[in-house]
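Taken straight from TrEMBL:
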- Lys53: active site, charge relay system (ACT_SITE)
- Ser131: active site, charge relay system (ACT_SITE)
- Ser155: active site, acyl-ester intermediate (ACT_SITE)
- 50-490: domain 'Amidase' (DOMAIN)
Amino acid sequence: MLSRPGLRSPRLRNVSLSPQRRLLNHFITHPAEPIPPPPSSSPSPKTFTLAVKDNIATTSPTLPTTCASAILSKSYTSPIEATIITQLRARGAVITGKTNLDEFGMGSHSIYSHYGPVSQDNPLQTSAGGSSGGSAVAVANGEVELALGTDTGGSVRLPAAYTGIIGYKPSYGMISRYGVIPYANSLDTVGFLSREISPIKELIVGERGLWKEHDSNDPTSLTEPARKRCAAQRKGYHGQGHAGELKGLKFGIPLEYNIAELDPQIRDAWAAAAKRLQDAGARIVPVSLPTTKHALAAYYIIAPAEASSNLAKYDGIRYGVRDTHASSDAAAGGVLYASTRGKGFGEEVKRRILLGSYTLSSEAMNNYFIKAQRVRRLVRRDFNRVFALDNPLQERETFELSDLPEEVEMEDKWGPEEVDFLLCPTAPTLAPKMKEVMEQQPVDAYMNDVFTVPASLAGLPAISIPMRVTAEGAAGLQLIGQYWDDARLLDVADAVGTELRTSRA
């Protein structure tokens, strides 16, 4: 079932979609007339088409913000426009519609939507990934040149891997979150999806690069002096691009990412990609990220905890549609908003609210939330130890040599060899069939994030590029860089993608 007709408002039904696109269910709102960029006194920029994930606020009455949730299904129109929307419209973005997602961004397959699941083919056969599945499908089908998503634990990179496109998560604090409906504030990052890296690179580090722009409305946006200080320690922000040269670069292969659940086809493709880069002059270095095995568990404590706090405002009084059909508040245990929240939120959102509320309770906080934050610090430390570049926001830490696995070779007496980027799969499996996804237990789906969560916990830039696995399908190859090394990451990812395409030719 692709939609729930009784729950959609008249405005949301008034969309302009072909039968094929409607069956994919990747747009929630798709106005007949796209929203053009605002008039500008400066020379008109080159326009490009943009799809926006429906948890990013837009002010146009034809583009309500629903977060794919029944609690906002009465076409909530935001009084503010997200900063990233304002920035992209000033750069020529023509908004074509708002895309479907897992409700409030909580999911890995875009199936937990009030408006029905998203699929990348017709009929509903193959998962598009989540939670930014609608944006990924819009790009993969060639309907837009660029799409916005949000990446909390892999919600941009995972759909990109499943649909065979580019999915980029910037360094945390680079892109403003103002106007993004929050899931987990310390993890949420606006991400970009495209079929090519060049338009993303132009937006991030071009002449009017977004990396330069601090937003005073967002307390997590890096200040202008901090941005300049970080960029001064990096290449690529002032015109000195990497020029696509792979020779001499060191790519780390995290030993802990070679998990038992990794699909053998993806493992072979990962090894083949590393061999191809080695043949192109790069160095492949085994590295150890020992806290990786705890990262997923830590993420699914921290993210739901923050979500339970963020979603408390949806009570039908301050935000959200109030349930007016309940006979009385007494029917809901005497709690004013219990019926509203019970009917307005989907099962996965309620599951995470309950989990987060428990881990923040006085009896559980020390055993869960505090320990998860300690794990997060260790995950960040692991990354800082393996990268050749220092994290400009933190002090450098060295390895305890006794903790190193035998497979990691010492470069000198001070420790193992340091690398420029990490190279790993984006997801442990190929895009699953929708039937398999629907039959999974909710916790089983959480495993899809095992390779994407660590970079999110550490706030590092990461990008997924297509990697051919079978004659029929592709998977994602993920590159992770040190904090604020986004410019070089985009350059190198472009070069790696070109190298992999050349090897298949």
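The backbone N, Cα and C atoms fix where each Cβ goes, glycine too.
Note: the Cα of Ser131 (active site, charge relay system) and the Cα of Lys53 (active site, charge relay system) are spaced 9 Å from each other. The two recorded residues, the residue listed as 'active site, acyl-ester intermediate' and Lys53 (active site, charge relay system), show a Cα separation of 11 Å. Long-range Cβ proximity for Lys53 (active site, charge relay system), meaning a same-chain Cβ under 8 A and a gap of 6 or more residues, is found for Lys98, Thr99, Leu101, Ser132, Gly134, Ser135, Ala147, Leu148, Gly149, Thr150.
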